[in-house]
Amino acid sequence: MEPGLCSRAYLLVGGLWTAISKALFAEFLATGLYVFFGVGSVLPWPVALPSVLQIAITFNLATATAVQISWKTSGAHANPAVTLAYLVGSHISLPRAMAYIAAQLAGATAGAALLYGVTPGGIRETLGVNVVHNSTSTGQAVAVELVLTLQLVLCVFASMDGRQTLASPAAMIGTSVALGHLIGIYFTGCSMNPARSFGPAVIVGKFAVHWIFWVGPLTGAVLASLIYNFILFPDTKTVAQRLAILVGTTKVEKVVDLEPQKKESQTNSEDTECLTSPCEEAVRSFSFTLGLC
């Protein structure tokens with residue numbers, strides 16, 4: 001074998017897995033911090049019970065922090081509903097979406113476990129688990145979560161779409177989360193994020209009506225993705241391109257172009273880079289097959 005071929009392939013594999021691991025860790029960390037701070041704001045301290053405004057502001061700030069931390073690394077999903085919306089809109093591949101959701105659920109569980117560990121016993125019993133309040137029926141609860149998540153995902157797409165804005169999306173997405181909490185707390189405690197509901201439920205073992213906080217948000221996310229990507233701001237992807245993105249055989253899988261105004265010379269230099277060695281071609285083919293490239 002020609003000297004240097006496999007060394008270049010090794011570097012390519014290392015770079016690939018570094019990028020993948022960074023994105024997954026960003027989703028894990030962002031979701032964990034979101035759950036720790038957000039759910040921490042709803043704990044029933046006897047000295048002073050949290051107000052709806054306090055909870056909404058805390059979730060606002062937690063969201064903005066999570067987004068700012070991860071948006072240039074993973075796209076700042078931190079929410080299985082957002083990831084599903086991106087999948088439906090043909091912005092990420094199925095393998096990447098599955099990996100993101102796994103990282104988000106793990107991060108949410110870790111964040112809830114940390115919160116549980118640092119909270120006194122009498123206060124951590126329910127750990128902010130989402131439940132239905134004020135005689136709200138299960139059907140009404142699903143509908144509320146659907147609408148709340150729909151507005152959130154629409155805001156996520158609009159805030160992170162490079163065709164619309166180049167600014168950081170953290171503040172606007174945080175505001176959308178706060179809006180949902182100002183209304184949704186009275187109905188369901190406001191989830192809009194299956195991972196937020198999943199983490200605390202796992203730690204305290206309370207899964208009553210837990211399905212609501214998957215069905216409602218995921219349905220709302222799908223509807224929001226269809227509205228944004230096919231009605232409000234449709235793109236020009238063909239069916240073949242969408243299928244290629246779904247299975248991960250193309251790199252065109254982002255709605256967000258973090259640096260859409262790169263110099264033309266940089267683009268040209270990237271376009272002229274060729275992988276000529278057998279090892280490099282094999283690694284590139286492997287990464288496309290996984291849909292993680």
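Just so it is clear, glycine is given a Cβ too, placed from its N, Cα and C backbone atoms.
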If you compare the topological domain names in Swiss-Prot, are GLY75 and VAL132 on one side of the membrane?
no
Averaging the per-residue pLDDT over the topological domain 'Extracellular' (186-189), what integer do you get?
97
Contact check, the transmembrane segment (139-159) vs the transmembrane segment (52-70), 3+ Cβ pairs under 8 Å, seq sep 6+
no
Cβ-based contact of the transmembrane segment (97-118) with the transmembrane segment (211-231), 3 or more pairs under 8 Å:
no
I'd like the number of other C-beta atoms within 10 A of the C-beta of ASN134 (N-linked glycosylation site), please.
8
Same-chain residues at least 6 beyond the ends of the intramembrane segment (76-85) with a Cβ under 8 Å from one of its Cβ atoms are 26-27, 30-31, 34, 63, 66-70, 92, 97, 100-101, 104-105, 107, 149, 152-153, 156-157, 160, 169-170, 173, 192-196, 217-218, 220-222, 224-225
Which residues, given as numbers and ranges, are at least 6 beyond the ends of the topological domain 'Extracellular' (44-51) yet have a Cβ under 8 Å from it?
122-123, 126
